[in-house]
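K.L.:
Encoded as structure tokens, here's the structure I'll be asking about.
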Amino acid sequence: MNLHEYQAKQLFAEFGLPVPEGYACDTPQEAFEAAGRITTEKKVVKCQVHAGGRGKAGGVELHDTKDGVKEFAQKWLGKNLVTYQTDANGQPVTKILVEEASNIANELYLGAVVDRATRKIVFMASTEGGVEIEKVAEETPELIHKAAIDPLVGPQAYQGRELAFKLGLEGDQIKQFVKIFMGLGTMFSQYDLALLEINPLVITGEGNLLCLDGKINIDSNALYRQPKLREMHDPSQEDEREAHAAQWELNYVALDGNVGCMVNGAGLAMGTMDIVNLHGGKPANFLDVGGGATKERVAEAFKIILSDDNVKAVLVNIFGGIVRCDMIAEGIIGAVKEVGVTVPVVVRLEGTNADLGREVLANSDVDIIAAESLTDAAQKVVAAAEAK
């Protein structure tokens, strides 16, 4: 689950990190009043969406009047912001962040992720702030400095000092950086984060450090024990189909192809997408129905897949391990009837009672294309999609 910039900064402030004075606003009038509370001559106004590239898309502006801030809010609130990280429809803007402008002398980068290879939280710092860290890692990896946090002992001050020295910080800046580093390390573990970034972490004209931007991603598997963070969830930033799927405990990701995929198991789902690609097709989605492929969940999965007008055929690929294939076949038949599926449906069953499952499909009054193998299924569904 992603957080907005203003939410990330709220958490930063909670852990004693320096952030600009700012206010998240729902209306143009609120933005106008917020600008009046900020004492700096210039104010920064930012659209709050779960996507990067806001500045280049016109979603971040500098204003020196309250009326200018209000006009910006009137322009964007209720509209969609399209950036290089969004689709053509963009992301809806429901909040505007109004904050004090900062006197920037230098820009740094500071971020942290879970390194699954070492099973540690790894902090990354660089003097190349304000640009995509992926680009820095590709072109000048020597400019990225790392510190691995042992989960048994947590972040240590000496690690923060080492990073500060490598960034060329001096004097009181080192103490400030260590405080930021320690706060972020504690926050990462306490809130079950998967990723956090401060890009840029700036050095102001007065020589102080300031968290000018914030990006936080929370491990969705841990949200059950993070009620405070759950309340920060903004469903408007999610694909409607993905949000609907989550309600049924279906793992769905929308793609831009024309072959709908319904599979049980994430690994099998990825393999299914690969083989569809291999045979010239383009998957329209990733959808894992999980181990409990009941009639109800299969029906909802069909509804979600078919809500995409680009879908011309559906491939159902089920491995019967926990559940029996004959039961799954009956669920598929019932779901196809209930939903009123009008596109070709190719079904491949393997595992427990697979032969019986195929027999159930063959004896049904529903027009379903049976496949003997995964390759056969991919070839048939690609051909069916091309024929539509």
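Just so it is clear, glycine is given a Cβ too, placed from its N, Cα and C backbone atoms.
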K.L.:
Quick check: of LYS46, LYS66, which does Swiss-Prot put in the same ATP site as GLY53, ARG54, GLY55, GLU99, SER102, GLU107?
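P.N.:
Swiss-Prot names LYS46 for this ATP site.
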K.L.:
Hey, Swiss-Prot has substrate bound by GLY321, ILE322, VAL323. Any idea which of ASN264, ASN277, ASN285, ASN363 it lists too?
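P.N.:
Same substrate site in Swiss-Prot: ASN264.
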K.L.:
How many angstrom lie between the most widely spaced Cα atoms of the substrate binders ASN264, GLY321, ILE322, VAL323?
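P.N.:
The two farthest binding residues have Cα atoms 10 Å apart.
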K.L.:
Distance between GLU107 (ATP binding site) and ASN199 (Mg(2+) binding site) at the Cα atoms, whole Å?
P.N.:
8
K.L.:
What is the number of other Cβ atoms found within 10 Å of the Cβ of GLY321 (substrate binding site)?
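P.N.:
For GLY321 (substrate binding site), the 10 Å Cβ neighbour count is 13.
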K.L.:
In angstrom units, rounded to an integer, how far apart are the Cα atoms of ARG54 (ATP binding site) and ASN199 (Mg(2+) binding site)?
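P.N.:
ARG54 (ATP binding site) to ASN199 (Mg(2+) binding site), Cα-Cα distance: 13 Å.
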